[in-house]
Amino acid sequence: MTDDDVEYHVRLHLNQTVAKCYSCPQTTFSSMNHFKEHKNIHTEAESFGCSYCKVVFTSSGSLVAHMENTHPDISLEEERKKAVEEKLLRLRKKKKLNKKLRKKEQWEEERKTNNFPPPVLSKKPIVCEKCKATFHNNVDYAIHSMIHSEDGVFQCFLCDSAKKRDLHDIEKHIRLHEGTYVPAATDPKVYQCEICGNKFKKYTTLYGHIKCHDTKRRTYDCTLCDKKLFIDPSMIEEEHNNDVECQEVLPATVSRWCEICETKFFNDVKYALHTLTHSKNGIFKCFLCPVEEKMTDDRVEQHIRRHLNQTVAKCYFCPETKFYSMKHYTEHRNVHTGIKPFGCSYCELAFVFSVSLKTHMEIQHHDVILEEERRKADEEKSLRLKKEEDMKKEINYLDRKKRWEETRRKMPPPLPSKDPIICEKCKATFNNKVDYAVHLMRHSEDGVFECFLCDSAKKRNLHDIEKHIRLHEGTYVPDKASKIYQCGICGSKFEKSNALQNHMKCHDSNRATYDCQLCDKKYYIDPLTIKEEYNIDIEQEEEESETESRSCEICEMKFNDVDYALHTLTHSKNGTFKCFLCPVEAKMTEDNIEYHIRLHLKQSVARCAFCPKINFYSMKHFREHENVHTGAKPFSCNYCKVAFTFSGSLKAHIENTHQDVLLEEERKIANEERLSRLRKKRNSNKEEYQLRRKKQWEEERKKFPPPVPSKEPIVCEKCEAIFHNNVDYAIHIMDHSEDGFFECFLCSSVTKRTLPNVEKHVRLHEGTWGYLCKICGTTVKSLNLLKVHIKSHQKTYNCTECEKKYLMEYNLVIHKAKHHASVKSRGRPYKCKFCDKCFKQRVSKTSHERRLHSGDEPYKCGGCKECFSSKAEKDAHVNECEGF
């Protein structure tokens, strides 16, 4: 039976119904599947369709009967296919088993014929991690490990190689490690040394071995044994039989505790390397001397060993030299062996020491390294700029949308389209052309709107897009307050009629022009009417009248009035100018200050040849006035092609015509400043919050029960720090995480977590998550529950009729109502003051007293002003009241 059939069968025995039908209340159902199929009769839903024909049924039983009657041949074929597949699976499994047994028999026969020596006994018994079986040699343990291998891959525990092997190859592999392998006669080619008889599988290894038998090479006899050495023993302080190559480091005499994670270290070197994990900037603070600088792990180890005078290894040839780091010792050995392992990646040179390679790279390939660094910096910069541009685009789009929505409220609703409009890029649907046009700007990268009605492509804001589409539809209503005067020739728009009249003069073809006799320029004024030629330097014609010299009170330098005024601006901190001739005090540019002082002194800078009566107190004003006579328009608008003779006219034009563009630029600058301020504030707040949260967590951590100690010490793969429980190891892992992600070593989940969440996650695995009560030793999930639990040890409310105690009065009332009250009021602790009725809740008692005994009618009908004692009576009345 299936699960549904079992449930249905048992419910039939117990006469239990799962659901009832509203249309057929008499029929009952003991299974939800039967009830759902029954509902299809009333809803006329046909959910069970035949997979071979198009007939559909309301119930699964009807479909099964249809299949048996109409398609019996097809169903039989499917059953046969399933039976064949099952049979094939059984045969494959049987073949695999037979193959394994056959291989095992062959291996046992070969093992007897080859006469292998007994395998080397291990010092300690080897325990299988999966089935806890014990073995006394590596060969038997390796063969046993294949029982647990599902895919037939043997992972060697001596050299970490993973490969598909049979039992013969596994034993051969382990014996090769131990040196007890005896090759069989059927083995492939074996290359044997003719001098000493050693056998090798490859010709290259044999060739390398023969070099040691070189007769020309000088050898030395050992004074203690029969071995021959290539080095003079008198040069070595200790004999070759002593293992000086790797001297064990002595443990530290004093154990040290980490102040941050409270882990204990019995070795100064490991403690120093552990402190480096808690350093944010990679700065190492030595606890034996005042050194504080950035160091690698090797340099830290070397620094501590120098303090303790602990050598890592000794050299055979140079016994006096001391090595405080294995890196230095291994590189020093290359001097005697002649090996050059450090090869340059840009040329064919190789070096004995890593430092030599580094200096070679800095001197010879300095340009290549710089280019690589620049390329990486450029890539990072381009990524950063791209992110900032995307952010700016999003902010600009939101600002434009807000402004557009404000103006859109004043407009009539757009015309609805006959058919829904679908966007080609994101498949979004719209009911009118205006919303679709505004949506298209979302996909525009350069801000250009390409109209789908007239094929025009132009940079537009959201307001102009709606205006453009409404002009196509004929629903655009201009603002009544603003009158626009448009030029019929070039289409330029003006707010005043006078501005339009002045603009029309530039299109007058009958207006006379005069050619200059000295250059190719054209003017609207006859040069003969000019009193003085325009090529004379009029700026230097009028000399400044001599004025009294003024001395600066701060630096005691002498100036004329104009230069003195400009000089005082250099001593002003805020850029404000205090006039010494009038009480004016304001921020001014240098041109405005010069103009202001010359107005006081009535000193004109230049005179116009056509208007000699007009005085000019600034060269800027004089040059702009010259443009009136010459017809030049040097001040052109950056947003359109209109040009002006005066800078003030250009400024007024931009403020009136392109006000939206100016506002948008100002908003951009304001948004950028606001974003930079927010980023700085967010970073500072984040650091403060992290420190505050860390302190809270350390205080809360004291209330936790101690973590479960691990059976074996846990070693960090990156820094080789040792931990004795999973919680400390998990918190230590976060020091190596650059992006803040925690990869759990118990369930392999990868998520962003804080240190409290990491500890909580690991403790949930161990089952030790909670806050420990120091009185009774129970653990509670939160601090609030712990406070409530602690109060339970100080029970205050005593029952008068029995010996029970309660923390809260409410619990005592419920206890009395349940156990010491009469039969009628049992379970109802709250009794009415006026009658004998009892209630489960205090709210029900107070509503009963107010409704029946007090005579209050607080609920009033809004239609007929009739009052009621309860809300339910008022609601029932409102549904029938005619006054509403």
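Each position is counted from 1, following the chain as shown.
Using the three backbone atoms N, Cα and C, a Cβ is placed for every residue, glycine included.
Caution: TrEMBL annotation is automatic and unverified by curators.
Range with TrEMBL annotation coiled coil, chosen from 74-110, 370-406, 814-850, is 74-110.
Sequence-distant contacts of the coiled coil (74-110) (same chain, at least 6 residues past either end, Cβ-Cβ under 8 Å): 52, 67-68, 166-168, 171, 184. Mapped onto DSSP classes, the domain 'C2H2-type' (830-858) shows 13 helix, 4 strand, 12 coil. Break the domain 'C2H2-type' (771-798) down by DSSP state and the numbers are 9 helix, 6 strand, 13 coil.
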